[in-house]
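The structure under discussion appears below in the form of structure tokens.
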Amino acid sequence: MRQPPDGEGSVQVEMDPALHIETAKVFAIYGKGGIGKSTTSSNLSAAFSKLGKRVVQIGCDPKHDSTFTLTKRLVPTVIDVLQAVHFHTEELRVEDFVYEGYNGVMCVEAGGPPAGTGCGGYVVGQTVKLLKEHHILEDADVVVFDVLGDVVCGGFATPLQHAERALVVAANDFDSIFAANRIAAAIQAKAKNYDVRLGGIIANRSVATDQIERFNARSGMRTLAHFPDLDVIRRSRLCKSTLFEMEPSPELAAVQQEYLRLAEALWEGVEPLTATPLIDREIFDLLGFD
């Protein structure tokens with residue numbers, strides 16, 4: 001009996017080797033639900049585009065709201081358009097599922113199966129297959145996967161099979177760090193069989209990062225960027241805008257520069273991490289819980 005790729009007991013959606021993304025730098029962004037992954041992903045994509053890179057952002061959440069600050073609307077999902085043509089992919093055109101957003105960022109929403117049915121990994125796989133068939137990924141410099149919540153099951157871990165670096169968005173609180181630790185463990189498991197490696201933590205919605213840094217020191221993780229809890233960031237979502245389109249202010253300029261700095265660092269290449277995720281009890285003890 002063949003051993004599952006990620007160890008005994010795992011249930012995985014395995015990648016077709018033909019779907020490997022050869023030329024672009026690929027990043028998968030994870031984090032606790034509601035932590036601001038879509039805001040982070042969209043502004044990071046915008047920052048890459050500001051550096052002159054050709055960017056594709058793929059939303060991997062049934063809510064399909066990953067790219068709406070880039071496109072100013074909720075675009076149809078890949079699963080929606082596939083259902084409309086009864087899964088006859090030859091009937092689809094690029095413009096049916098790829099939408100140009102802010103500063104030329106190409107936006108795709110994979111969507112997901114109805115609640116309680118199907119597999120999100122299948123949908124992500126079909127999305128990548130369509131993009132490959134229509135040569136969208138061949139023309140990209142950067143691909144950003146924005147992945148559902150902190151779900152790292154075999155299905156929603158599928159983007160890790162394509163990614164070069166996995167990034168974790170976290171706030172300076174227990175729940176975020178607990179989720180980040182679990183995600184790091186899942187990424188380490190994938191790294192045994194795929195090219196993906198941990199890149200680090202993006203601190204978000206946090207005045208300070210002291211708890212994140214305590215976790216980093218213990219686990220071997222690192223903070224790549226820090227975005228404070230600013231009202232302008234919240235308002236940008238309400239305005240359906242990236243941070244690069246908001247009314248100028250000194251605090252906004254600082255956040256924009258941090259996104260540009262992060263994009264440049266990721267493009268130049270961040271060293272892979274070999275972190276040591278903590279057991280659950282250690283997280284409680286580390287952050288001061290009895």
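Cβ coordinates are placed from backbone N, Cα and C, and glycine is handled just like the others.
Together with Gly34, Ile35, Gly36, Lys37, Ser38, Thr39, Asn204, Arg205, Pro228, Asp229, Leu230, the ATP site in Swiss-Prot holds one more listed residue from Lys63, Lys72, Lys132, which is Lys63. Around the Cβ of Asp229 (ATP binding site), 13 further Cβ atoms fall within 10 Å across all displayed protein chains.
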